[in-house]
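All remarks here apply to the structure that follows.
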Amino acid sequence: MTNSRPWIPYLLILPSVAFLALLFVVPLVQTIWLAVSDNGAPSLANAERMVTDINFTRSVKNTFLLTIAVVPVQIALALAMGTMVAKVGRGRETILWIWTIPLGISDLAAGLVWLSILQNTGYLNSLLFGLGIIGRQASWLSYQTPVALFLAIAVAEIWRGTAIVMVIIVAGLNQVPKEFKEAAEIFGAGPWTRFWRITLPLIRPALQSALILRTVLAFEVFAVVYALGGRNFPVLVGEAYNWQNQNQNYSVAAAYAVLIMIISLAATLIYLKALKVDPERLP
Amino acid sequence: MKHIMSFGILASTVLAFASPVLAQTVFVSTQLRPIEEATVVREELLKDVGSVDYVVEEPPQFAVRMEAERQAGKHTVSLVGALHGELSPLADKDTLEPLDDLAKKLAASGMPQSLLDLGKLGKSTQQYIPWMQATYVMAAKKEALQYLPAGADVNALNYDQLIEWGKNMQDATGQPQIGFPAGPKGLMARYFQGYFYPSFTGGVVRTFQSADAAAGWEKLKALWAYVTPNSTSYDFMQEPLAAGEVMVAWDHIARLKNAISAAPDDYVVFPAPAGPKGRGYMPVVAGLAIPKGAPDKAGAEKVIEHLSMPETQLLTASKVGFFPTLNIKLPPDLDAGVALLAGAVTATQASKDAVISLLPVGLGDKGGEFNKVYMDSFQRIVLQNEPVADVLKAQGATMAKLMADTKAACWAPDAKSDGPCPVE
């Protein structure tokens, strides 16, 4: 049946391909052209403008630092959380449900939640003051306290983004057959050996998806940083936003967008190469 | 039965989409955006002019929307309300209806000709009708007055006195008490263009990298020692003032109004400080314009006439804190907060050393990048402590290129220029 009409699968995916081409490829091509042209002629002026801007180096540095700080912590936390719930019998669903609450909150709302905790008149200051630890409001989020600001943003990002990693990893863990673990136990493997030698290799596809998703999202971090840091902590997407909205120079904003896309693609390729998944294990 | 039902659904859907579009004058505004203000516009200011759909839009989205409607040739907006600087790019692209007849009528009913001329945006025909005006002032909690340096008059401060005041407050309270709106949506760039540069250099563009400017920046660095570091996150100063995070603040009157109107007895409102070249100040004018191709031009003209009536202008002042463009006296029973703000505006305009600085003219859609020159200088000199001369030289070059690209001629307080405004 299928062999006699080999074009059927292509026909079925045609609408989505057309949809993607219309709403994704066309704007993508337009954005790239906007970034590499000036008055209708090819030009690197926008890229030059971007690179020589005072916030460019800082935004690249901040974005990478944040990614390097946040993603490993999220993966480690998600693995720990996933392994923990695997041992829980009753109440497992409830725990998972609670842990995934941050997933339902928008980025900006998450940023505002943390702003209400960390700003001058926020909950943290009130608590510390109430306990007599500090004599007056401390500022955690100003340009004079870059380390505290960085930590605050990292914590907010970890809080917000770990749930999605956990969901993917729990799904991966559920697919690991119990027999493998039981066999390993019979041969005397301890919990660490079982984790490193059995669980981790078997959840590699899930891990790969989670890493790609989280890293790409980390490079695109914006709303949380915007809420907590404002101008004090420039990141790549924030700069794209500023050039588009405040400076109204769509070309330089497009240059930033293209740069973010290149970085995200490069990160994805690195993960695809580094965490090779056997073809037979692909969905 | 099935047929009747589906016909009913179809008909009601068509009606739901069709009816509001047909009957209403769509009025898009970048001003009076907060929900309380928009409600005042819808329920009080536009109550008697038939069916007007008042839609608010952030300035960048406004620009995008107008451009999209122009490119598509499909117009839904009949009336726009926006700042002088936001209407200027629309006029540059020749997309606004000339409003000379209306302007004549309003001049006869007492709108100052100088203000009407501003609405020509440098063209031969009237591009917009001045709708309401505002400016920037300083506000302080009354308890801060006890720290004023001896002999200082709060209505005639200079920068040295402000610095000393800041120091006194910091010594007494242990925290910096002065605040500026230097956050992502704050209007700090206007401080540099309308207050700092005119006060220290007597110019805005020509004098950008002069010795006077360098001296001014040094003074600002001295002041910044007493400015709260949270300033780089503040967008509107009314919140930090009301929350007690700062005692003294500079901002747009509409962005101070809520705090002051809520507790008018707790505040004093006064002009910004003067520098060696005088007391710079920037009037802000919002205007009403009709885009070419507007679906309901007659309705839009009716709304403009209604909003320009003395009663409506006074109502606007008391409800949202923007002042009339007509030459009329504010009534004595005005909201106490607005009266305080009005007092400071009068004090600014009446001060002998006032240096008026207009909103940037002729920059088209480069207004954002013009602001960025000042904000980048601020970031590098004050926040990152880079050498003043180097920064002014580099940013001055950016400014010169911007002026050359846009061919913008000088505007007040800079001396007039032939061709693009030079950076000297």
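Think of each number as a place in line: the chain as shown, counted from 1.
Using the three backbone atoms N, Cα and C, a Cβ is placed for every residue, glycine included.
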Notebook entry, point to check: Pick from A:30-51, A:96-117: which range has transmembrane segment per TrEMBL?
Noted result: A:96-117
Next item on the list: Using a Cβ-Cβ cut-off of under 8 Å, list the residues of the same chain that are 6+ residues beyond the ends of the transmembrane segment (A:249-272) and lie near it.
Entry: 31-32, 34-38, 45-47, 49-50, 53, 208, 211-212, 215-216, 219-220, 236-237, 239-241, 243
Item checked: Residue numbers, six or more beyond the limits of the transmembrane segment (A:96-117), whose CB comes under 8 Å of its CB atoms -> 81, 85, 123-124, 141, 152, 155-156, 159-164, 166-167, 170, 222-228
